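First the structure, in the form of structure tokens, and then the observations on it.
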Amino acid sequence: MARNKIALIGSGMIGGTLAHLAGLKELGDIVLFDIADGIPQGKGLDIAQSSPVEGFDASLTGASDYSAIEGADVCIVTAGVPRKPGMSRDDLLGINLKVMEQVGAGIKKYAPNAFVICITNPLDAMVWALQKFSGLPKNKVVGMAGVLDSSRFRLFLAEEFNVSVKDITAFVLGGHGDTMVPLARYSTVAGIPLPDLIQMGWTTKEKLDQIIQRTRDGGAEIVGLLKTGSAYYAPAASAIEMAEAYLKDKKRVLPCAAHLSGQYGVKDMYVGVPTVIGAGGIERIIEIDLNKGEKEAFDKSVAAVAGLCEACINIAPSLK
């Protein structure tokens, strides 16, 4: 049986980390693509030279021509400009929208049957634009946001409670930005909801609110510390979890920026919601009940994403 083919479009810090993780997990043969000739080839060669030490069998190649991604089973898109200190994800919109147009055309021509995971910021608007530019089925184009945001939330909760990260489940809904909605009510430690843990004296509402805010600021905290770029280890690990769910038909329940067609009262937008990912791509959108406060926060997040999509249409009217 032929190996799967994974195309990594963008060979920066996330792209290189994706290639290494995909190799370690033996998810398939890997093509690193970047318009900056030499970088994908160099990173591909470097990671390939680690394979005898790490003990994985995968072909790693680099390319600067879209023809190299032909027939890819999965495309993970990180191409674009990352954040720098003082920038919001939204500040990147104009530059990265043009990148999505080129990437969409490349995928449409060479990998129309791929499952496409977008990481480029501002995420919810970029994945929406990428789907339109590529013309791929909406269930086969998804944004990586909720897995990362939930992972940050889970880590901070594990540190607060001094328990294993494995015993914490957490959900973050909404856009991948300052308006994201970490849901305490649907987040648990070994099945015990966070509100119950407050009553049990494990933490306080004030402390939990601080953790929720730190989750919202998770990316900005790292940007501020690095000063020259943004997070890449955790975003790459999050996208690989999604790719693996698709390639191995795992039916994983993962929060992702998925295309909504009426769910949660949202139409023709990509917003972070719980989904089931299997061989069919996004196989199901899970609609959970939101209370009044949660619904208001979610609607505020949706409105922020809608504003970004409108800004995209102003720049590229063909998206309408």
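Each Cβ is built from the backbone N, Cα and C atoms, and glycine gets one as well.
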Please state which member of D29, D34, D90 Swiss-Prot lists alongside G10, S11, G12, M13, I14, G15, N96, I119, T120, N121 for binding NAD(+). D34
Which of these, R83, R185, does Swiss-Prot list as part of the substrate site with R89, N121, R152? R83
What is the biggest Cα to Cα gap, in Å, among R83, R89, N121, R152, the residues listed as binding substrate? 18
By Cα-Cα distance, the member of recorded positions R83, R89, R152, H176 nearest N121 (NAD(+) binding site): R89
Could you list the residues of the same chain, at least six apart in sequence, whose Cβ is under 8 A from the Cβ of D34 (NAD(+) binding site)? G10, S11, G12, G15, P40, G62, S64, A79
Expressed in angstrom and rounded to a whole number, the NAD(+) site built from G10, S11, G12, M13, I14, G15, D34, N96, I119, T120, N121 spans a maximum Cα-Cα distance of 17
If you count CB neighbours within 10 Å, which one among the binding-site residues R83, R152 has the smallest count? R83
Select one residue from R89, H176: among these recorded positions, choose the one with the most other Cβ atoms within 10 Å of its Cβ. H176
Other CB atoms within 10 A, centred on I14 (NAD(+) binding site): 27
